[in-house]
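Report on the following structure.
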Amino acid sequence: MKVAALIVAAGRGSRAGPGAPKQYRLLAGQPVLRRTLAAFANHPEIMTVLTVIHPEDASAFEAASGGLPKLLEPVFGGSTRQDSVRAGLEALNADAPDLVLIHDGARPLISAPVISACIAALSTHEGAQAGLSLTDTIRRTDKGMAAETVARDTLWRAQTPQAFRFNAILDAHRQASGGEHTDDVSVALAAGVKVAMVEGDQDNIKITSAADIQQAERILMRSGETRTGLGYDVHRFGPGDYVWLCGVKVPHDAGLVGHSDADAGLHAITDAVLGAIGAGDIGRHFPPSDPKWKGAPSEIFLAHAAKLATEAGARVSNVDVTLICELPKIGPHADAMRARIADILGIEKGRVSVKATTTEGLGFTGRGEGLAAQAIVTLIIG
């Protein structure tokens, strides 16, 4: 049985406020759409994933989807959701899937069990829709005043995926051409296709506003696996009149000696990220014996580690780095360092701490021979 996923991501939703379309906004360090695509691309029963996008979003889609398996070339949507789904179905027709799951690109927290339940329902039904049976009391109103209670035993709150036998939903959309249906179950019902309801998931929310992104982040924090990594680095002082620390150029009466720019702070954070995902250390990825990295800015190393973390399904929750030295003074530069680290990792500055301490004159740092950095990074997987 060949199962395809059709992800509808051609909208321009204005409720999320100014900026990128909601499906390309960052959710805990990753674009919303990437999380949606990954949920289907990583599902063992899904064979292909086709995305319907807005013509202006080709570059954004490429950036958001890079490296994911099973993805077909996206197609452009139309002026309505119905038009966009029709375009996607016509494109999938050449691939001849048996089943198709149609899902909102702005629902990034769809779970594997709900996907599986929708597919399973198609063994006995032409269509299936995820949804939530209502538990709250439902009441009609009359001019703002409470009126009669509505029986809730037949009421569901609709979600996606909406899953169908492929030929049935393609024919239904062709029959509905020019109509104004708001979802695919409506299209199916109009064509006489019977659709079963499948219990969905409370966490399968649709991102329509900034508040929804905050709610989704809370859900991810609650449900994800926590990983912690520890990094430590040392560099000695040498000739120079500045040092690089945590991505910031700091004036000093000496420089730091190293193969790259000797930024001990970023090196420690890089090792912490790599350690949290079990990817070795900075030397494995950027060996000091390679002249390519001579004098290289250390932000390259941290950005690479962050990319590996993203590919492993992880996101950075927070970073805590301690710089150990007598001089230079870190306090005046700490805020700029926090901002630079946050920018490299694509997280909020409030998730980054930079602080300094001394060894009270003891050891090589106490003698002013060099400095050290220690970093702890917390990642959330899931």
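Cβ atoms here come from the backbone N, Cα and C positions, even for glycine.
Record features, source Swiss-Prot:
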BINDING   D233, V234, H235, H259, S260, D281, I282, G283, T357, T358, T359, E360, F364, R367  4-CDP-2-C-methyl-D-erythritol 2-phosphate binding site
BINDING   D233, H235, H267  divalent metal cation binding site
REGION    1-226  region '2-C-methyl-D-erythritol 4-phosphate cytidylyltransferase'
REGION    227-382  region '2-C-methyl-D-erythritol 2,4-cyclodiphosphate synthase'
SITE      R15  site 'Transition state stabilizer'
SITE      K22  site 'Transition state stabilizer'
SITE      R152  site 'Positions MEP for the nucleophilic attack'
SITE      K206  site 'Positions MEP for the nucleophilic attack'
SITE      H259  site 'Transition state stabilizer'
SITE      T358  site 'Transition state stabilizer'
Chain-internal residues, separated by at least six, CB under 8 A from S260 (4-CDP-2-C-methyl-D-erythritol 2-phosphate binding site): F286, W293, K294, G295, A296, P297, S298, F301
Inter-residue Cα distance where the pair is K22 (site 'Transition state stabilizer') and T359 (4-CDP-2-C-methyl-D-erythritol 2-phosphate binding site), in Å: 48
Number of other Cβ atoms within 10 Å of the Cβ of K206 (site 'Positions MEP for the nucleophilic attack') across all protein chains: 17
Same-chain residues at least 6 apart in sequence whose Cβ lies under 8 Å from H267 (divalent metal cation binding site): G231, D233, I282, S298, F301, A373
Structural state of H259 (site 'Transition state stabilizer'), classified by DSSP into three states: coil
Minimum Cα separation from T357 (4-CDP-2-C-methyl-D-erythritol 2-phosphate binding site), reported as the residue among recorded sites K22, R152, K206, H259 that achieves it: H259
Largest CA-to-CA spread of 4-CDP-2-C-methyl-D-erythritol 2-phosphate binders D233, V234, H235, H259, S260, D281, I282, G283, T357, T358, T359, E360, F364, R367, angstrom: 31
Winner by Cβ contact number (other Cβ atoms within 10 Å) across the recorded positions H235, H259: H235
For the recorded sites K22, R152, the one whose C-beta sees the most other C-beta atoms within 10 angstroms: K22
Other CB atoms within 10 A, centred on F364 (4-CDP-2-C-methyl-D-erythritol 2-phosphate binding site): 15
